[in-house]
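What TrEMBL annotates here:
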| type | residues | note |
| --- | --- | --- |
| BINDING | 42-45, 75, 91-92, 167, 173-175, 182, 328-329, 333-334, 340 | UDP-alpha-D-glucose binding site |
| DOMAIN | 22-190 | domain 'Galactose-1-phosphate uridyl transferase N-terminal' |
| DOMAIN | 198-357 | domain 'Galactose-1-phosphate uridyl transferase C-terminal' |
| REGION | 49-76 | region 'Disordered' |
| SIGNAL | 1-18 | signal peptide |
């Protein structure tokens with residue numbers, strides 16, 4: 001190839017890259033069969049909108065009035081044990097109950113209802129209120145992962161879906177700063193996993209390989225959206241990300257459920273979670289708010305079915321956009337038309353990737 005042709009190709013590639021970065025375009029989300037509008041130039045607009053209060057910095061290690069602390073009483077009058085590791089209890093105000101009555105069938109297609117039953121549990125990560133996951137020791141995070149796996153296995157024998165999720169920070173609706181998550185098990189497959197199940201199944205039938213297993217391989221090769229990686233795990237800002245610094249955490253081998261992880265994979269997961277969450281905290285130098293959750297193959301009656309199309313993964317959805325006090329609002333166009341983001345996934349990944357993975361933490 002002559003020098004002129006080579007230069008032309010390089011200039012064309014650079015031009016196309018700039019167009020992708022600087023001009024609006026659509027990206028397809030194969031997990032939801034939907035499109036995301038990427039409008040990176042909108043980050044240049046001045047901001048005169050709402051500014052949030054920064055997260056509380058000085059959380060007491062123990063608060064006698066906090067119902068999640070060891071030894072304290074909860075709203076229902078029950079007392080917590082003096083736990084020194086993880087602690088799981090039935091949610092005092094559950095959204096799902098195992099003995100809820102059946103509303104009965106309705107023939108009118110516009111007024112349908114079905115029975116919704118299940119259980120809701122709360123899981124404290126650590127006895128101290130001022131220790132979040134990135135500040136915990138790796139072996140303490142492993143205990144959290146082991147308890148997640150135990151709950152999925154236990155509740156999954158009965159219920160089709162077990163949703164592990166963490167809302168971190170008041171900005172994400174968390175009413176208690178003590179490090180904790182929730183686990184809801186339901187007698188139905190909720191909307192998001194049902195959609196993900198359909199999309200992953202269709203991809204598997206067409207391509208003969210789990211979508212997210214193939215996706216992880218491709219992202220590991222491309223590198224441009226990788227935030228952190230290890231021999232067993234990969235965390236990326238997904239190509240179709242909606243939230244500004246959204247990440248997707250994936251195992252490198254084919255894994256259906258969190259309970260299927262080996263001891264080594266659980267240790268590796270603890271390590272990469274600490275690395276990722278430390279980067280989040282370092283981005284705006286604040287305890288980073290987010291909603292996260294695990295998706296794996298359905299359980300209950302689905303345990304007897306072939307779920308080869310599924311791949312275990314965790315979603316992290318942080319709201320912050322410009323600073324510790326300015327978040328992304330999913331309103332207007334996002335609610336009425338389709339999802340839209342204000343910087344490219346590649347820009348977000350580069351920012352996160354370049355952040356340090358250490359943070360002055362708490363002496364444990």
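Numbers run from 1 along the shown chain.
Just so it is clear, glycine is given a Cβ too, placed from its N, Cα and C backbone atoms.
Overlay of TrEMBL annotations on the structure.
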| residue | record | Cβ contacts under 8 Å, 6 or more apart |
| --- | --- | --- |
| 92 | UDP-alpha-D-glucose binding site | 74, 75, 76, 78 |
| 174 | UDP-alpha-D-glucose binding site | 167, 168, 289 |
| 328 | UDP-alpha-D-glucose binding site | 243, 244, 319, 320, 321, 341, 342 |
| 334 | UDP-alpha-D-glucose binding site | 340 |
Given the model, what does the mean pLDDT over the domain 'Galactose-1-phosphate uridyl transferase C-terminal' (198-357) come out as?
96
